[in-house]
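What follows is a short report on a single structure.
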Amino acid sequence: MSSHEHLPLELDSSFLNTSTIIALCVFFALLCACIIIGHLLEEHRWANESITALLLGLCAGGVVLLVRKGASSHLLKFSEDLFFLYLLPPIIFNAGFQVKKKRFFKNFSTILLFGIFGTVISFCIISLGVFWIFRKIGVESLSLKDHLAIGAIMSATDSVCTLQVLSQDETPFLYSIVFGEGVVNDATSIVLFNSVQTLDFHNIDGLTVLKLIGTFLYLLLTSTALGIAVGLLSAFIIKTLYFGRHSTDREFALMILMAYLSYLLAELLNLSGILTVFFCGIVMSHYTWHNVTESSRITTKHAFATMSFIAETFIFLYVGMDALDIDKWRESKASAGTSAAVSSTLFALVLVGRAAFVFPIANILNCVQKSESSKIHFKQQFIMWWAGLMRGAVTIALSYNQFASYMRKSPESALMITSTIIVVLFSTIVCGSVTKPLIEAVLLRHRKPMVSDFTDNVSLEDLRVLLLESGDPSNSNNNQPARRASSLRLLIRHPTTTVHYFWRKFDDRFMRPMFGGRGFVPFVPSTPTGAADESSSA
């Protein structure tokens, strides 16, 4: 037998790392276990997949720690690049792609108030609280930049547990507010974090705050514009070139690649990739998705949701296992009392920072709203406050980004990471487990839905009549007085609905003819429409 016949056996696994294969096998087995347990708990769910993944991660980390005799629970090393480049984009894109656009934009002004203005308030309160309290605890080596970064890190919410309990049918208004504010909050927190990183705190003057605000607004607007531009480009390409004539796979592939390209371009230009890919998802669902064939529509809808689900479950699995990484706890060199004090301080500031904007903004909106049925009642305010208490993957990733590189040089940097992990575990497991019974007790689901969930805003048809009726005698039949209202008056009374009405007119007249969308039928030769077109052209 010649020697070259043994070559495949000699090269077997020589290019693979055995420890990496073992780690991936463990993670994929745990992912399967999360899916199975989530299915079994579907009927009587006290915990969602996030809590299940965290608990499984903790159990797996404990087993690994015992097997290695307390050496380390690490199977995979946490990488900010892994999170921000591969795991976060599908989660945020799917949030934009699956969002109920009508409800989202109907409450857009309210969502922006809570998601942007509210997050800034929380950021300021947490930063000031950390700066004042940490020195009394004994944590004194952190810089001003670190304190501001902690404010941005702890302002990032994770409302997954609440959204899985709320129903879009029973509480559509509350669901859209919690969902929209959660997505905008994550984007705002990351933009704030990136803005803090760009400032030079060695030369602080009166313009520092203005520079921070300017950088924040620049990242916010340019990132949004880039996402919209890439989404429109994908719609134009697919509508113009009719990919479905030859292969529906190309349609799906192009949507995935251009969505991911928007995120990478934003990061390359030092913008907010999370904002870019979110609005790219919204535009793609409004235009691009309607330009592809029916099979591609079904494929994209389920594929994006599946990728998002796997990425999010993977993140919480890792967080659970990483919580038992003994090296970080040793490097922090903090006593149990100090660690508990820091973690308690952070969570208390989260509670205060959340309450400092939810209740005031809601009551200000109630004062502006004239109709009783469109006001945000206290029970809804309480649920909105509770929904933002949980912290998740974005908080963990930003904490690593800020403190991991200095962990071995500064024990207090390691303390910040371990304290962040404690806050995430406590808020997700404890608060998340209480969410379902709490919402059922507060909202009283056995009763009829609250009236304010069905806002009494004027409908588009009523708005069309109010805007277009001129009040001429010819339009006033049957001795009925003609209704007449100016556009400015309607804009003041119903700003979101009025803007939506004019946007629909602009969209139907200019955008849809160019970029396609609802009503556009892609040409596919195998369909009856395509066959008729081919026979007529012949």
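Glycine residues also receive a Cβ, built from the backbone N, Cα and C atoms like all the rest.
Remember, TrEMBL labels are computer predictions, not curated facts.
Per TrEMBL, domain 'Cation/H+ exchanger transmembrane' is recorded for 38-440. Per TrEMBL, transmembrane segment is recorded for 20-41, 53-71, 83-99, 111-134, 216-238, 250-266, 302-321, 341-362, 383-403, 415-439.
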Contact ranking winner - 20-41, 83-99, 250-266, 341-362 against the transmembrane segment (216-238), Cβ under 8 Å: 250-266
Cβ contacts the transmembrane segment (53-71)/the transmembrane segment (20-41), at least three under 8 Å, sequence gap 6 or more: yes
Cβ-based contact of the transmembrane segment (383-403) with the transmembrane segment (83-99), 3 or more pairs under 8 Å: yes
Other parts of the chain folded back onto the transmembrane segment (83-99), taken as Cβ under 8 Å at six or more residues beyond its ends: 179-180, 183, 186-187, 259-260, 263-264, 267, 273-274, 277-282, 284-285, 289, 301, 304-305, 307-308, 311-312, 314-315, 393-394, 397, 400-401
Maximum Cβ pairs under 8 Å to the transmembrane segment (302-321) - stretch from the list 20-41, 250-266, 341-362: 20-41
Outside the transmembrane segment (415-439), six or more residues from its ends: residues with CB under 8 Å to it: 45-48, 50-51, 54-55, 58, 139, 142, 146, 150, 153-154, 158, 161-162, 165-166, 316, 319-320, 322-323, 328-329, 332-334, 338-339, 342-343, 346-347, 350, 383, 386, 389-392, 395-396, 399-400, 402-404, 407, 445
For the transmembrane segment (341-362), sequence-distant contacts whose Cβ falls under 8 Å of one of its Cβ atoms, 6 or more beyond its ends: 113-114, 117-118, 121-123, 125-126, 129-130, 133-134, 137, 139, 150, 154-155, 334, 376, 380-381, 384-385, 388-389, 391, 415-416, 419-420, 422-423, 426-427
